[in-house]
Amino acid sequence: MKVVIVGTGYVGLVTGACLAEVGTEVVCVDVDAEKIARLQNGILPIYEPGLQEIVVRNQQGGRLSFTTRLATALPGAEVVFIAVGTPPGEDGSADLQYVLQVASEVGALMDHYLVIVTKSTVPVGTAVHVNRAVKESLYTRGMIVDYDVASNPEFLKEGAAVNDFLKPDRIVVGVNTLRARQKLEQLYRPFLLNGHPILFMDIASAEMTKYAANAMLATRISYMNDIANLCGLVGADINQVRKGIGSDPRIGKHFLYPGIGYGGSCFPKDVKALIQTGREYGYRLRILDAVEAVNEDQKQLLFQKILRHFDGNVSNKKFAVWGLSFKPNTDDMREAPSLVLIRSLLDAGAMVSAYDPVAMKEAVIYLGSNITFADDMYQAAEDAVAVLLVTEWNMFRIPDWPRLKGLMRSPLLFDGRNIYDDVELVKMGFTYYGIGNTAATPVNALLR
Ligand code: UDX
């Protein structure tokens, strides 16, 4: 089967590469000529573990190609995926202009049956607009060509996207004809071999599933951040509480980690867009309003703790930031909590030296020359009054503590992800702050 994927961003590229990996003929299309030229030479616009190898292998195998021209890609294709961006508009709603533009172009060029699938995260009801855009283009040409629209949201985690695609928990497909269902079942058959289910449903439900999943996960995080903050006040240990509640299979142990707020390209945008959809229909999603509000506060938390420690004066003090990307294994800086923290520190007159194993090139775009980018984690900490652990990359997990202590101006650590053994650190002479209360805080230490 041949498929066309429009948009070679994160989702489009992973989808194209992974479909090619199981033998599908894939043509990826993008308007960005420079990006396409680089992809043709095996240079990827993003960092994603395992993706480079798959792209190159399938390009060499003749199953994956890149072009700027939709017209040359469409002949012989059976499915077209729309995987272009849906940036948030001013009110938080997803901006659909690129999606609808692609739908119009497909309508303007198609001459045989196609399943036109939205892969981008789009608000409930978008398929109706996509359908209209295709129909209008066909009408303008005076053409009658059969086609179906479908919705196939992705559930890829950055840093694990290839694995998520190749071994999906589930594949959600919204269709309203048997023909489209059969086509997409055929396309996804190679991924279903190990019992991974494909869930067919109506189109609106598929569109909603994506938002409901992300909003639920964001809710868990804000909930845990709230509980962690309360633990800090009452003297309970959030790590113990997390284990305690996560052992209940109804709750489950994943996605219960408090931190400095969720970021990335999905949660902030999708929570906002779902709230906005509610508004459009006259329904206020009160839980999600709170999820957002907690997250905004949480992004400020580490800075507040720092200010409190230094009695409000951080001016001309050097802080080492470990990790910049919104989470490990990605260079994505979109909505990264590190940006909020760093900007607050700079505004307060502090100096920042940062290290991230992958995201520094991307971070320059956001932070320019306002901070120093160090060659490694220890260089970042030289003469620093505190180390701020922001992103839990594995390389930060077991530092050479004595070396670190020797380099720093004062042995002070703010752990934005609760990854360190606070009791050990306190024994080694560090002053430690985590998220919420942890074992080393006085009330718990008394019981040891
Ligand atoms: C998410 C969804 O997981 C994925 O299914 C969807 O398709 C896109 O959005 P992603 O944005 O790549 O994926 O990141 P994810 O690993 O889900 O983390 C999102 C944010 O939540 C990160 O900022 C992370 O640090 C934070 N997080 C996650 C926590 O603070 N605590 C947790 O327990 C888990």
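Glycine is treated like the rest: Cβ placed from N, Cα and C.
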- Task: Select one of K269, K272, K299: the residue that TrEMBL places in the NAD(+) site alongside D30, K35, T86, T121, E158, R334.
- Result: K269
- Item | Among K327, K361, K405 - the residue TrEMBL places in the same substrate site as F155, L156, K157, E158, K210, F255, L256, Y257, P258, G259, G263 | K327
- Query: What's the most sparsely packed of the binding-site residues K35, K157, K210, K269, R334, counting other C-beta atoms within 10 A?
  - Reply: K157
- Note on the structure: K157 (substrate binding site) and D30 (NAD(+) binding site), compared by Cα position, are separated in whole Å by 22
- Query: Do you know the DSSP helix, strand and coil residue counts for the domain 'UDP-glucose/GDP-mannose dehydrogenase C-terminal' (320-422)?
  - Reply: 35 helix, 18 strand, 50 coil
- Just checking: which of the binding-site residues F155, K210, P258, K269 have a C-beta under 6 Å from ligand 1? F155
- Query: Rounded to the nearest angstrom, how far is the Cα of P258 (substrate binding site) from the Cα of K269 (NAD(+) binding site)?
  - Reply: 20
